[in-house]
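Beneath this line is the structure, given in structure tokens, with notes to follow.
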Amino acid sequence: MKAVPWFRVSLALCFTFLAIPRTGGYIVDPGPVVKATKGEIWPKPRNQTSSQQYYTIKTGSFVFQSMNYSCDLLDKALDRYQKIVLSIGNTTRRAMLNRGYSFHSRNELRTTSHANRSWRSDANWAGYIEQVQVDLKAPCEELPHLSMDEEYTINIDDFQARLSSFSVWGMLRALESFSQMVVLSDDGSMLRINSTTVDDGPRFSHRGLLVDTSRHFIDTCTLVKILDGMAYNKLNVFHWHIVDDHSFPYESKAFPELSEKGAYHPSMVYTQSDIQMIIEEARLRGIRVMSEFDTPGHTRSWGVSHPELLTECYDQYRGKLGPMDPTRESTYTFLSNLFREVIEVFPDQYVHLGGDEVGFECWASNPNILEYMKQNRLYSFEMLEEKFIQRIVDQIDALNRSSLVWQEVYVNGVRLPKGTVVHVWTGNRQDLLNKITRDGLPALLSSCWYLDHLSTGGDWRKFYNCDPHDFIGTGQQKSLVLGGEACMWSEVVNGHNILPRIFPRVSATAEKLWSPASVNSADEAARRLEEQTCRMNHRGIPAQPPNGPGFCL
């Protein structure tokens, strides 16, 4: 039998496929799948009233004018946001210039090929805004903290624009919201802002992003970009998972050999000056930096310089090192000295102690561990882990700091001091949140916000459809849920792809943690997220498209 040429078979299959009607068809409209809003705030404010009346930003003389209290933090924020506001539309303006448009004044852009469109004759045009009054009603605080006040109001009416807050942290959020309301007009002739009243504040006090810098080292420039993106989404906790099994990039003052031997490369170390720079850049954006030094597991990189800290494995694991050795007093002495340094370097009240995914294989193979357990009547490895964690939690408590721990610590029965936060990352989150808060402990949620878990298309919706209060419990229990964190574990991200992996997917988490519970329509959010993504792009954040085909001007 003569063979049929492969290309004829391919063409036949192709035409056969095209001839078969698909279920539901494939009929689309031209243009973007989701049309972006214009001048909408992300996260959605608690209360906002706007009208069709609008004002023109007089770019040649526009300024934020500080009233009442001020400080270096606010002054730097005003300078930063003035640059952001005045840069709005620059990309579009450049494109229009390339298409035959020309600037005739600092406040007007006209086309050379069309009649002048005078927005001054528009009945909705109310006039110019040259100055925004920044009314900070109380002295600045030095450091952001868990209970910081982030409430603010915005009033744009009667030829005036006023931002008001009793806290510098609230003023930072007001500046961000104001900057998001300023847009370039459709014809590119002006920056405009609608007459608006906003009364806003967050639903949850802890709105975080975990970034893992151990699996892949993330350079400090990229970390600052992440802080920028967090500020644009009103996130306020940078959870720095700074070390783990694979590398130890933290430069310790007391134990410099940890990074000298445990980092991937001498160039992949966070020096003390690097860390202080990140803490300061975060502070200027109203973001806390919370460190995590995970123990007793996830510590293999510690053992490169200090193998005595880890458990020697026997039997089939001979030659390997496992979790920290909880039977040696020298282990606790070492950790006490390290954590004493950590609380001096990181000023936040909270230290994340980890405590998750502790493998028991080496403990089970080590005769010294087994003898210790027998002598101390520890009948399970969970009891041994409990004994270790209890010592570490007590160390942090003695240093007048508060601990966060992953959920395993709570599940394994460690007696946690009052105020210790339990971080939920896996399993039945509703059941865990109910049990943790029923025991009077505060909780954080992350299990539904793992940014390393990828789905096809705009997978931000799965993050948007998760709520920290979605569990059975009393009002008192739900008040113990401090908020949550999105987690960017770095097994498959590095400095080249971490930003588009985080943004705009973390924006969904940010809105769920800021906006009222009644803000729960992903379809409505999609248009605003389309705008927020373009906004981040214009500000230098390479956020990936959230909804499919579309464009940013």
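Positions of Cβ are set from backbone N, Cα and C atoms, glycine also.
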If you follow TrEMBL, the disulfide involving CYS313 connects it to which of the following: CYS221, CYS362? CYS362
Across all protein chains shown, the one of the disulfide-bonded residues CYS140, CYS362 with the most other Cβ atoms within 10 Å of its Cβ is CYS362
Over all shown protein chains, what is the count of other CB atoms within 10 A of the CB belonging to CYS534 (disulfide bond)? 20
Cα-Cα separation of CYS534 (disulfide bond) and GLU357 (active site, proton donor), in Å? 39
Students should find that the Cα atoms of CYS313 (disulfide bond) and CYS71 (disulfide bond) sit apart, in Å rounded to an integer, by 56
Count of other CB atoms lying within 10 Å of the CB belonging to CYS313 (disulfide bond): 18
The predicted model's mean pLDDT over the domain 'Glycoside hydrolase family 20 catalytic' (204-516) is 96
